[in-house]
Amino acid sequence: MGVVEGLLALALVLSACVMCNGGSSSPFIRKVEKTVDMPLDSDVFAVPPGYNAPQQVHITQGDLVGKAVIVSWVTVDEPGSSEVHYWSENSDKKKIAEGKLVTYRFFNYSSGFIHHTTIRNLEYKTKYYYEVGLGNTTRQFWFVTPPEIGPDVPYTFGLIGDLGQSFDSNKTLSHYELNPRKGQTVLFVGDLSYADNYPNHDNIRWDSWGRFTERSVAYQPWIWTAGNHENHFAPEIGETVPFKPYTHRYHVPYKASQSTSPFWYSIKRASAHIIVLASYSAYGKYTPQYKWLEKELPKVNRTETPWLIVLMHSPWYNSYNYHYMEGETMRVMYEPWFVQYKVDVVFAGHVHAYERSERVSNVAYNIVNGLCAPVNDKSAPVYITIGDGGTLEGLATNMTEPQPKYSAFREASFGHAIFDITNRTHAHYSWHRNQDGVAVEADSLWSFNRYWHPVDDSTAHVSH
């Protein structure tokens, strides 16, 4: 072989290496520390003072379009009232919303009285105050309704997943609260309390988690996704109803989007249409979830809500050795639809680390052509794993090597993310690791809308 031929051969080898390898694995080295849950006597778990004082107060969107709010809370001494008194910032006239309460038992645990009350017919872009605990110890909170739905309405979402109640969880929530971009609503991608990690699935840890997160979720909606740690299927202790604690404590407006289950549903908020899917409910052809999504995606009006966001728990594209390819069967079922309907971004959790993909799809395979590898696809979403909230299970640190081409950026650190919609064409995305200052973006990109501005926004094309 001559010199020229040798150089050409070397160039081909190097080119092949570039094509096979992916983006960047962060050089940041997190100090290895054991992740430990906060003890039950921690300040963040404090029970509010007063007889029968409401605790674990949380809100979520209560309808399809953002003009209703579900307010939930727990009383422990007696049922008390399920009424919510509320009024707008510009009015002293209090209105009353009536609710209902539920209780449940789990092994040797009996819940408090869990109240759920929906406030309806709210005005857009308005600050409301609300009171719960009427007749006993009353507590007051507030929230701000979203702007009216429209294609160029700016709005800022926070992203948190796999939070738990460790010291790292507290850092994540504090970091999110202090972020100068000021998320207005949290999109939560599953795995809330991790109570199932305790002996007999100790549901006291559901109560402590509710008190821990109240400082945020009582003031802004968290949009809920169910994860595997919400399952609580424990036949060994006589508990055979999956998701019992979760469905009693966290209500969502699933019926507003014609869903038959609280595990999959959709909402519209500002300029976004958000679809929540269930990784742990049946999703094969002919199942209720499949039939619902098949009807839901064509309903998305991109001239009204240009940003199409999907939430799920188990990621489809994951280059960590943890939970590797667990989402594969769901991906095979639904990915062609995601490409067809030009989903902008998919957020998942489950893997306790951070990763962002390029816009890729793997839908060309059939039994004849044998093509079975992700390829760049401008009609495909970006897939982001944000399961780095701080769970006591610790970080996922083992990654597949070499880094796959579909993986743009990955790092084993705890943190949160912000998805900041500017208008119908542009949104700024940023990931913030807990170790940095609140304004530091450890990973970021401008996302270009797939319907209105489907240009190449891959890491290779746009400076990172």
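Cβ coordinates are placed from backbone N, Cα and C, and glycine is handled just like the others.
Of the residues Asn203, Asn228, Asn231, Swiss-Prot places Asn228 in the same substrate site as His350, Val351, His352. The Fe cation site recorded in Swiss-Prot includes Asp191, Tyr194, His352, and the single candidate from Asp162, Asp168, Asp377 that the record places there is Asp162. For the Zn(2+) site, Swiss-Prot records Asp191, Asn228, His350, and the single candidate of His251, His273, His313, His416 listed with them is His313. Of the listed recorded positions, namely His323, His350, the sparsest CB environment within 10 A is found at His323. Taking a C-beta cut-off of under 8 angstroms and a sequence separation of 6 or more, Asn398 (N-linked glycosylation site) has the following same-chain neighbours: Tyr320, Asn321, Tyr322. Cα to Cα, His323 (active site, proton donor) and Asp162 (Fe cation binding site) are separated by 14 Å. A simple Cβ count within 10 Å picks out one of the binding-site residues His313, His352 as the most packed, and that one is His313. Annotation: no recorded positions among Asn170, Asp191, Tyr194, Asn228, Asn301, Asn423 have CA atoms within 10 angstroms of the CA of Val351 (substrate binding site). For the recorded substrate site, residues Asn228, His350, Val351, His352 set the reference point as the centre of their Cβ atoms, and the other residues of that chain within 8 Å of it by Cβ are Gly161, Asp162, Asp191, Gly227, His313, Ser314, Pro315, Tyr322, His323, Gly349, Gly387, Ala396.
Around the Cβ of Asn228 (Zn(2+) binding site), the number of neighbouring Cβ atoms within 10 Å comes to 18.
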